[in-house]
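Here's the structure, in C-alpha cells; my notes come after.
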Amino acid sequence: MAVSAAALVLGLAISITYSKTLTGSEKNLIEFLDEKPENGPRVREDVSWPGFPYLKQVSAVSVDGNGNLHVFHRGDRVWDAHTFDRTYRLKDTEQGPIPNDTVLVIDTSNGKILYSWGANKFYMPHGLTVDHFGNTWVTDVGLHQSKTEERVGCGVVFNDPIISFTLHNSMSVSSAELTAILVVLQHILVSSYRHFCVYTDSMSALESLHSLTERGHPTVMEILLLLRKLERKDFDIIFSWVPGHVGILGNERADNAARSMTDHMQRPVYGMVVPHSLTLVPEHDAVCVADRENGRVLCYATGMDGSEPGTPLASIENQGLGRVFAIDARGKQLFLVNGPDLWQNSQSVSSDHGLVLDIESGLPMTLWGPDKGFRLPHDLAVSPDGKYVYVSEIDLSAPKRVYKFNIRN
Ligand SMILES: *[C@@H]1O[C@H](CO)[C@@H](O)[C@H](O)[C@H]1NC(C)=O
C-alpha cells in the first residue's frame, strides 16, 4: 500500500458498471486447490533464504529498482487485541515510537542487511512501497491514531463542493473519526444526490465498521443503522481509506484528485471495506485493489492509455478468496495472499497458500507457498524483474517472517 498511490486510491472510488465480473472457474476454488495446480508460473520457496525469524511482525515488503528488498517491521511491538483501546486509541503511546530501526534494506542475493533506518519514528508500521525514483513511502497505523496536534480529517464529496468540518479537540481521535463518519452520513441522508464517496484516514474506524466485536460501540451501531437506512433509500456510498497524514482536506493533491474524480463520477462501487493493497498493471493500464473484507480484487483504468481514468475494468470475486490481504502484478498474472475469512466460510480458501490468478480471466493458475504453509501473510512483493516474490508474515509462530520464492515460467 503506497502513499504515492493516494491519488489513485481516490480515483478508484468511481464506478460505472463493471465491464466484467470474473468469477473464476465453475469449480469451487477449494476443489481447484485440492489438485495443487500449476497451470501458470512455477513458484518455489528458496529454502536457503534466512527468513529473519528474530523479527516479530513484518507488515510490508517492497523491492526497489536494484532488486534490494525493503522490509518494514514493528520491532518488539505486536498488533493484537490489546493494541487499541475501546475508543480506538493506541494504548501505551507514552512508551513512544519504536526504538529499533523498522526499515531493513536487504541484499536479496545473500539475505544480508545492507542498511537500516526508521528508529524512533513509527508506532505501528503498516505499508511500505519503494517507487520508481527510489523514494520510500510508508504508512503507520499507530501514528495517525496517536493524539497529536493534527486535526482529524474527513471530507465528503458532494458532486463538487467539499464539505469539511473539524471536531472538538477533547475527543479521542478515533471516536472523532467515527463521529465524523456519522455526521457525514447524516448530511448525506438529507441530500438530493444519491452517490457519495466518504474518505477517512482512519483504518481503525473502517475496520470497526466491519468488525463483529465492535458492534457494541454506540457510534458504530449508529453508523451501521444509518447505513442500512441509506441503502434502503437507494443511496450508493463508498468508503475509501486515504493514508494517514494525507488528510484529504489538508492535502492539495488529494483534494484535487477528489475534485477531478467527482467530474466523472457516475455510479460508485458499493463500498470497499478496507482496501488493503493495490498494484499497477501496466499491460492493461490498470490499477487493481484488494478489497480485503469483501474478499475481492477490483481493477480500474489508470487513464494512461487515454481512456477515462477510474473506469472499472474487472472485478475478481466470488471465488472464496477469503480476505485478500495483498496483491502484486507480474505482467498479466496477479499474485495474491489472503487471510482467514472472518465469517468462517468453509468455502473460503485458507491462508496457507498464495495464488496466482490470470488477470484477464480471473482464473486461478498456480497455488504456491512454503511446504508448511503460511500463517498470516500480510504483504507480498514481486521483484521488478519478475523472478522472485517475497511474502511477509505477521504471525509470530511462522517459521520465517519474510519468505523468498523463485518464479519460473
Ligand atoms: C529491538 O531492539 C532491542 C534493543 O536493542 C532488541 O533487544 C530487540 O531484539 C530488537 N527487536 C527486534 C525485533 O529487532
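Using N, Cα and C of the backbone, Cβ positions are placed for all residues, glycine too.
The signal peptide feature in TrEMBL is assigned to 1-19.
Sequence-distant neighbours of Leu128 (Ca(2+) binding site): residues of the same chain at least 6 apart with a C-beta under 8 Å from its C-beta are Ser59, Ala60, Val61, Ser62, His70, Val71, Phe72, Val103, Thr136, Trp137, Val138, Thr139. The Ca(2+) binding site feature in TrEMBL is assigned to Val61, Leu128, Asp379.
Counting only residues at least six positions away in the same chain, the Cβ atoms of Val273, Val274, Pro275, His276, Ser277, Arg323, Val324, Phe325, Gly339 sit under 8 Å from the Cβ of Arg292 (protein binding site). For Arg74, Arg292, the entry in TrEMBL reads protein binding site.
Annotation source TrEMBL lists domain 'RNase H type-1' at 108-263.
Sequence annotations record features per position, and here TrEMBL assigns Zn(2+) binding site to His126, His276, His378. His378 (Zn(2+) binding site) falls within a strand segment according to DSSP.
Annotation source TrEMBL lists disulfide bond at Cys288-Cys299. Neighbour list (Cys299 (disulfide bond), Cβ cut-off 8 Å, at least 6 residues apart, same chain): Val281, His284, Ala286, Val287, Cys288, Val289, Pro312, Leu313, Ala314, Ser315, Ile316, Ile359.
Ranking the binding-site residues His126, His378, Asp379 by Cα distance from Arg74 (protein binding site) puts His126 first.
The CA atom of His126 (Zn(2+) binding site) is located 9 Å away from the CA atom of Asp379 (Ca(2+) binding site).
Sitting within 8 Å of the Cβ centre of Val61, Leu128, Asp379, and not among those site residues for Ca(2+), are the Cβ atoms of Val58, Ser59, Ala60, Ser62, His70, Val71, Phe72, Gly127, Thr129, Ala326, His378, Leu380, Ala381, Tyr390, Ser392.
Other Cβ atoms within 10 Å of the Cβ of Cys288 (disulfide bond) number 26 in total over all chains.
In sequence order, Gln57, Val58, Ser59, Ala60, Phe325, Ala326, Val337, Ser392, Glu393, Ile394 constitute the residues six or more apart from His378 (Zn(2+) binding site) in its chain with CB-CB distances below 8 Å.
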